Amino acid sequence: TPRIVHIQSKKVGVINRFIQFCIIGYVIGYAIIFKKGYQDFDNVQSVVTTKVKGIVMVNTTVHPDIQPIWDVADYIVPPQENNAFFVITNLIVTPNQSIGICPEDSTIHGSNCTVDKDCPAGTSLPVGNGVLTGKCDPDVSRCEIHAWCPVENGTTKAPKPAVLEESKKFTVFIKNNIEFPKYSVKRRNLPDNVSNDYLQSCRYDGGANSRCPIFTLQSIVEGANSGSYGEVAMEGGVIQIRIKWNCNLDLSVDKCLPEYSFRRLDSSTYKISKGYNFRYSRNFKDANGTEFRTLYKAYGIKFVISVSGQARKFAPVPFFTNVGSGLALLSIATIICDIVVLYILKARALYKEKKYLQVVGDDAYKVLD
């Protein structure tokens, strides 16, 4: 049965009070105040839409195969994505392709040949541009293919500087609507008390205009510490736009505001498959009805938008749960003090004698001598 012993000792008293002070400090300072243990939480639910604007003119003297004017219908491919958008910044163009027979590109592994049997008909090479005809072109020693001809030249490097480097001046309007269902609170990143004139002129700068939902692409890329916009525009990249909503609903709902940050998800130090690019085409027919296409290898920046956050508000259940846990933790002080007085202090034999009382009942087993 438990036995209570009141020990009058300065050492034990100091240890006991110190441990109790640490536990109380942890419960009040960390669990309740710092970790908001007096509040309940709800995770954000969000939807994001974007609208990019801007026009750039290409120097057709340097790039004669590229159309001179590019607007949002040209450089945003595809036009809409979920929580993301892609902006073309650089191009390699293969104009006037038509379906026919031509040699495979020299950079495709297995395209070189000496005799026809090196090009089995009806098959295609890995990452090849067409289907093998079974013929070896003796002029270039490469297999012939059924494909859109002439094929893209795989040795062509991305233009430097980027063809659409002036896209750094483009703007993107990010509209973010969020809700905390538990508290029936809805917010958006657009200030309610502004006019259309404000949206025409404001640009996010992280300071006085931190509420403005319109960003220049250059400010996003360079805000991600990924180098200059021109460097990223050369071969493309992936940039994350992070919107964080951390709202204390014990205060005014008007103080529930978003925070923006940016980071690059890929790396410019990769040795192979660096940047971001894909191919697409624009098809057309000539006066004779022959179908042609212009093939674009488009380099660009993919912007991925992620929204996170929590709303918190006072609730009695988590508050009293943390208080109750703190009171239970105070018993640790007694346990540690028991260990100290029974096994560490010099007078441990005396304390053991006072703490434990041996009582031998009439029916106890007797040890035989």
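Numbering starts at 1 and runs along the chain as it is shown here.
Glycine is no exception: its Cβ is also placed from the backbone N, Cα and C atoms.
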C212, C247: which one closes the disulfide with C256 in TrEMBL? C247
Mind telling me which of the binding-site residues K51, K53, R279, K297 has the densest Cβ neighbourhood, counting other Cβ atoms within 10 Å? K297
Close in space, distant in sequence - C119 (disulfide bond), Cβ under 8 Å, 6 or more apart: C113, L132, T133, G134, K135, C136, C143, E144
In the structure shown, which of the binding-site residues T171, N277 has the fewest Cβ neighbours within 10 Å? T171
Chain-internal residues, separated by at least six, CB under 8 A from C247 (disulfide bond): F180, V185, R187, V253, K255, C256, G309, Q310, A311, R312
Distance check, please: Cα of C212 (disulfide bond) against Cα of K53 (ATP binding site), rounded to an integer number of angstrom. 16
For the C-alpha pair, I'd like the distance in angstrom between K51 (ATP binding site) and C149 (disulfide bond), rounded off. 36
